Amino acid sequence: MTATVVAAAATATMVSSSSGLAAARLLSRTFLLQQNGIRHGSYTASRKHIYIDKNTKIICQGFTGKQGTFHSQQALEYGTKLVGGTTPGKGGQKHLGLPVFNTVKEAKEKTGATASVIYVPPPFAAAAINEAIDAEIPLVVCITEGIPQQDMVRVKHRLTRQGTTRLIGPNCPGVINPGECKIGIMPGHIHKKGRIGIVSRSGTLTYEAVHQTTQVGLGQSLCIGIGGDPFNGTDFIDCLEVFLNDPATEGIILIGEIGGHAEENAAAFLKEHNSGPKAKPVVSFIAGITAPPGRRMGHAGAIIAGGKGGAKEKISALQSAGVVVSMSPAQLGTTIYKEFEKRKML
């Protein structure tokens, strides 16, 4: 390990007790530093697994529990190709007419699963994610809220050093390709197959954007809830790359909130990769414009700390990248519709 990496890691350790967000920034930078001449950027190779469709085969970790049972039933009714699930000690049984396995590795071998959704209590959720990584499941969606940040630091450290498994979440609603595949807790009936890619840190605001784009007749191509925790597996840039490369996605809605610097990074990415006459229209809303500094607002990552992470700075960065920022979540649908109208895309 180089001296640079050691110094960065030591600094992150000192800061972690006083500021989780500062630690997150330092750790994320550390992960991108060179170690022994090798840049650990292979995790970006797993972005392709974010896209799901009718052929995606899913297993559920925590299958026989209350949450796992309810949401698995909802997924099956939606038409999702759920092929089984895991609950340690209950292997060999049937649940919802599907096989139960003791381990993720066995479930993958027997079902050919390409994705896993996790409904496991917070103290055990990180272990469930690690088990899915061990089994080389291409896509892991963790719904669980309240996972200890120290657990997720370790998970993130491991994720960034491999390129086989992509994690969405934790503390997120999941991902849905309307009419084809639903992985998570979102209400399926408000979605409609269409043209808008939606990515959000907030679950309920995702549903608001979905409902509005359905109402104005644009629908959705893919909707991704990345979660509001400071240590998550997928960020805005990961999703934006998927949307920009997806021919079915003609416009994008990005919903951010105070805390961290994910929105500023997304703005820089859009400025570089989504400009010129063929740029896709992007509309955004940033929650928390009136939030007081130093107070956490709902999500663990939604906090203005050290004078950074405020809504105004995020809005300014997005606008400088050509993003149309709506001042109200109630206007997301009409705003993206007007952008389509302006560009003669209707």
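Here, residue 1 is simply the first one shown, and the rest follow in order.
Each residue, glycine too, has its Cβ placed from N, Cα and C.
Annotated features in Swiss-Prot:
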type	residues	note
ACT_SITE	His299	active site, tele-phosphohistidine intermediate
BINDING	Thr64, Gly65, Lys66, Gln67, Lys90, Ile143, Thr144, Glu145	CoA binding site
BINDING	Tyr207	substrate binding site
MOD_RES	Lys54	N6-acetyllysine
MOD_RES	Lys57	N6-acetyllysine
MOD_RES	Lys57	N6-succinyllysine
MOD_RES	Lys66	N6-succinyllysine
MOD_RES	Lys66	N6-acetyllysine
MOD_RES	Lys81	N6-acetyllysine
MOD_RES	Lys94	N6-acetyllysine
MOD_RES	Lys105	N6-acetyllysine
MOD_RES	Lys338	N6-succinyllysine
TRANSIT	1-34	transit peptide
Collapsed DSSP category at Lys66 (CoA binding site): helix
Residue pair the residue listed as 'substrate binding site', Thr64 (CoA binding site) - Cα distance, angstrom, rounded: 27
Longest CA-CA distance among Thr64, Gly65, Lys66, Gln67, Lys90, Ile143, Thr144, Glu145, per record bound to CoA, angstrom: 24
Using Cα positions only, nearest of the modified residues to Lys90 (CoA binding site) (Lys54, Lys57, Lys81, Lys105): Lys105
Inter-residue Cα distance where the pair is Gln67 (CoA binding site) and Lys338 (N6-succinyllysine), in Å: 39
Lys57 (N6-acetyllysine) and Ile143 (CoA binding site), distance between Cα atoms, whole Å: 18
Packing count at Thr144 (CoA binding site) (other Cβ atoms within 10 Å of its Cβ): 24
Lys94 (N6-acetyllysine) - helix vs strand vs coil (DSSP): strand
Distance, Thr64 (CoA binding site) to Lys81 (N6-acetyllysine) (CA atoms, angstrom): 17
Spatial neighbours, same chain, of Glu145 (CoA binding site) - Cβ under 8 Å, 6+ residues apart: Pro122, Pro170, Asn171
